[in-house]
Amino acid sequence: MAVAVPGTLGLGQATATNIASAFLFLSFLLPTVWAIISDTWLGRHKTLCLSYFLNFCGCLIIFVTSLPAFSHSQITKVVGLGVAMIVLGIGTAGVKATASPFIGDQYAEAAPQVITTKKVERVIANRALTLQYIYNVSYWFTNIASLSLVASTYLEKLVGFWAAYLLPLCATWTLVPLLLIFHKSLVKQKPQANILPRASQVIVCAGRNKFNWEAATPVYQSEKFGRQVEWDDKFVFEIKRGLQACKVMACFVPFHLCMNQITNNLVSQAGQMRLGGIPNDTIQALNSIACVLLGPVMQRFVYPIVRGRGFAFGPIARITWAFIMMSTAMAYAAGVQKLIYTEGPCYYKPLQCEKSPNDVSVWIQSPVYFLLGVAEILGFTTLAEYSYSEAPRNMRSLVQAMAQLSSGAGSALGMAFSPLSKDPQILYLYTGLSVTMITTAPTFWLMFRAYDDRIFEEAHSSDDGSNQAAEPMVSGPSDAAETGEKGDGAKTSA
């Protein structure tokens, strides 16, 4: 028995899947192009404005063509959807490449300094903790916005598709004006000359010597080959760190594959249980709710407690725990799927009998979204912070774009494993993902833990041996915002 998939265009599930795949392809591949444009030509502020404008245009097109006036014109609706998704894919790619590094730019690098708080507490500014705080707050607001999924679902159900599309249209039209209104108070890093050729030469020099980075230094090149190069030792070191960040991003491919279950297989799983009148694609909003609730808890309590006890809970440790939590989430999803199969009336064919679905409440699925929320907070926010800190100053958008490629690879794997997304093979998919993540966690930790050791040593040297950390203090823009310079930092107890 086939399950009907609702849709106003009536194109069928296969065509809908192809359209979604094309959109994902654009939004994951094009960030690399946008990153080069941002780093070498327009700068992140102008690139972000242009990307948001394209998003507005895409939302406007799909809103207009979904109005009741065009309800009888199938061609108009199909063409409108196609054009809108292309424009939105291009615009979204630009946002993905530039938004995260642009947020990081708002806190310019500053040397450690002693600050006295309003509580007369002497603290030391700490850049790493401030970036961690900034990206956690940014992700918190992102999940606040994600809750619009609930509103748009009910708008489509009760009013129509045009009402659902009106919601993002109203949101996107404010973005560019806001960036322009506050442009004087924003830090806008100026684009530099194209350093990709130099970066490529450095990588080639190191690669020819089994990635011995000393071989790429000017001194080595001069003594060994008698050639003068256009870079210095600092540039070689930055490229080395940037490539390490890309290695970390590559480890996120299975993580992205697991996260993608939220929008497909977990939605289908919810449809196999008693919904109680709630649309099955609305249940996934629990993930955003979990992130909104747990984000402040992690930032205010978990991180300070762990740091206060002397543990080097740096980026690598946090990502490792993200992988562990992701494994737990997939294991729980497998348990729920097994429970569905053990309950009647349809058992291993939950939607293929007259009395479907099976007699299991959909709310038993709730914990998986909270586990995924913890994994997201530990994983995605840390990756954004880590990639910004490690990337060469003039290649931050490009390094961020590499993270989108790992996300695209996760989506490609999802399509490869799609034959398992059916009953009862889906149970093996969840189990396999859980095993993959729990295996990846210790491997990842052993490969990259030296980075956390270095961060911990730097923190000790900056605060004269103190190993306690308080919450970060974020200052407002300085008068040097136009040149990309800014003031105070985060704080650690002095």
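Using N, Cα and C of the backbone, Cβ positions are placed for all residues, glycine too.
Check TrEMBL against the ranges 122-144, 191-213, 398-420 and you find transmembrane segment recorded for 398-420.
Beyond the transmembrane segment (398-420), the same-chain residues lying 6 or more positions past its ends with a Cβ under 8 Å from any Cβ of the stretch are 21, 24-25, 27-29, 31-32, 34-36, 39, 93, 96-98, 100-101, 196, 242, 245-246, 249-250, 252-257, 259-260, 264, 383-384, 387-388, 390-392, 426, 428-429.
Among residues of the same chain six or more beyond the transmembrane segment (316-335), those with a C-beta under 8 A of the stretch's C-beta atoms are 248, 251, 255, 258-259, 261, 266, 269, 365, 367-368, 371-372, 374-379, 382-383, 386, 427, 430-431, 433-438, 440-442, 444-445, 448-449, 451-452.
Counting C-beta pairs under 8 angstroms (sequence separation of 6 or more), the transmembrane segment (75-95) reaches the transmembrane segment (19-37) with 3 or more such pairs. Tertiary proximity for the transmembrane segment (368-386) is limited to same-chain residues at least six positions away from its ends with a CB under 8 Å from its CB atoms, namely 100, 104, 131-132, 134-136, 138-139, 245, 248-249, 252, 255, 258-259, 262, 266, 283-284, 286-287, 289-291, 293-295, 298, 315, 318-319, 321-323, 325-326, 328-329, 332-333, 336, 400, 403. Note on the transmembrane segment (161-182): residues 8, 45, 48-49, 52-53, 55-56, 59-60, 62-63, 66-68, 145, 148, 151-153, 155 of its chain, located 6 or more positions outside it, place their CB under 8 angstroms from a CB of the stretch.
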